[in-house]
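According to Swiss-Prot, the GTP binding site annotation covers 66-73, 130-134, 184-187, on the basis of sequence analysis. According to Swiss-Prot, the feature domain 'tr-type G' maps to 57-237.
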Amino acid sequence: MLLRPKSGNILKYGHFLSKRWLTASKLLYSVEEMKIKISQDQYRKALEERIDKIPIENYRNFSIVAHVDHGKSTLSDRLLEMTGVIKPGSKSQVLDKLDVERERGITVKAQTVSMFYNDGKQDYLLHLVDTPGHVDFRAEVSRSYASCGGALLLVDASQGVQAQTVANFYLAYSMGLKLIPIINKIDLDSANIAGAKEQIETTFELDPNDCIAVSAKTGLNVEQIIPSVIKNIPSPVCDVNKPLRALLVDSWHDPYVGVVMLVHIVDGKMKKGMKILSAHTNRTYDVKEVGIMYPDRTPTSFIKAGQVAYIIPGMKNPREALVGDTFYQMGKHEDLEPLPGFEEPKPMVFVGAFPADGKEFNAMDDQMQNLVLNDRSVTLEQETSNALGLGWRLGFLGSLHASVFKERLEKEYGAKIILTAPTVPYKIIYKNGEEKIVTNPDDFPDNQKHYDVESYMEPYVEAIMTVPNEYIGNVMTLCLNNRGEQKEIEYLTTGQVLLKYEIPTSQLVEDFFGKLKGCTKGYASLDYEEAGYRKSDIVKMQLCVNGEPQDALTTVIHRSQAQARGKEYVTRFKKYLSYQLFEVAIQAKINNKVVARETIKAKRKDVTQRLHAADISRYKKLLERQKEGKKQMKLSGKVTIKNDAYQAFLRRED
């Protein structure tokens, strides 16, 4: 039982308990009064006592499966309000910590929040794990699902089932999660609840009678969700009496306390001062702080089996925080097996990154390193370009991941950065049996090395698209033009079609989603997953200016696209070059063979303007001398290309 708090003590953070629980506990204080009256120590002690009294059978860990913009963050806010974690009307999108998450309406980093709920009879401890929905962040999604017993399958009543919903459903289903269908945005005039229920039944084989129709915006029927979670989602399978095993779900870098890790305690307890051991790096750490997210970091003296909580391990190098790693208590780890699911993230998209101003490299290098600390899935190594100077070769999980990283760099550090055209990891198989993965187009075998190669392999993805019936022809044409191969077509209800195509990853990263949105007037949705490597006729194309290859503009393409792409490149690059005193040739070359060419005519000075009209021999002599001089300049002259030309070309400023 809580002691009546002394007046005058001010609690500086967080809501304590829901009004429902306060009433059930016969306390007369509201949440706001508790904030004022309970000191920080009393608050923490009361919080720990309440957690300790809740049996693991009353824990529920769940996530929300949804397509982008189907209302996941808004629904999370309503659930937090309902359980007293935040005040009604407080800031929206509580779980979206990054600016880019709020602005784009996407979740990039996995987050969690703890909630207390009392049904009038007993207490429950709920952990809502907010996961990214986009395939680029699928590693974080699968790790988050591993800490959950179930999920809310959120579907927009006006849009129905979308591609991301389908992909994340199958991921959650494959991991054994219990799914509760939620139909959101029923307050819209365009809402079609019956159609959404039919789609849920036909696409996911879920009982439409289990659907809960809500409006996260207005709060209509949201109160039905948590009782359904308690009834349908199982409690975590764990044992507080066993030795400690904790799964690392996510991590981030805090400038004041260092690395903060989000962990799922599978067995045992963890407390401040405990020495823990990493299963994969074999390094030990002294735990500086443990606690729950309520909704922000709220320290407690312990966290126990079943909880999804945070720890501050005193880790000096954030690169040691391997998502999916298992942590044990030092000295009690013998014969313990690591938890399944650890896998190093594999970048699928690579870009060259260079500061817009070369003088800023050193300052930007520090900023780049700091940002990478928060995202272990980004690979980073320095590289040098003849055209753009010092820079970095960055590896990302996908094109959205690359775009988000660039935006975070600009918003959080004010840095201006140039990204080269995205490329994918190609596999080269040599005649001697050696295999090599190439991530930089400049390293792709050229004409001299071509004869040592047995075959070239390029990665493919299985793209899942949902489109309205009237645009199916446009989408099929788009996929065909991008070397796609149809695998499946399924007609959903309410005029929607589900298409599955296998498409080269290189085509996907070249704004395929933008083109898909364009040919469907914005109504299509897309998700994808890796589909392995295939043998392919791919070639290295170099853009040469007066015979000099421009390494920053080298690309790898399919031979069938060589002529069209070469023509596009030389025509566009010509716009950004200034006139010279001699003729300049811009060529696209494949294995030293020119596939496209543009010419910039030489500046011409009128050397005959002072001659008399009748002096024909002198006139011809001067023209001949000028012609010979330009020929010599072309042979020995060097074209100076301003950095702005590369920037404009790579940014596609047409």
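For all residues, glycine too, the Cβ spot is worked out from N, Cα and C.
Features as recorded by Swiss-Prot, highlighted on the structure.
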| residue | record | Cβ within 10 Å |
| --- | --- | --- |
| ALA66 | GTP binding site | 26 |
| ASP69 | GTP binding site | 17 |
| LYS72 | GTP binding site | 28 |
| THR131 | GTP binding site | 31 |
| ILE186 | GTP binding site | 20 |
Summarise the model confidence on the domain 'tr-type G' (57-237) as a single mean pLDDT, whole number.
83
Taking DSSP three-state, what's LYS72 (GTP binding site) in: helix, strand or coil?
helix
Determine, from DSSP, whether ILE186 (GTP binding site) sits in helix, strand or coil.
coil
Three-state secondary structure, THR131 (GTP binding site) (per DSSP):
coil
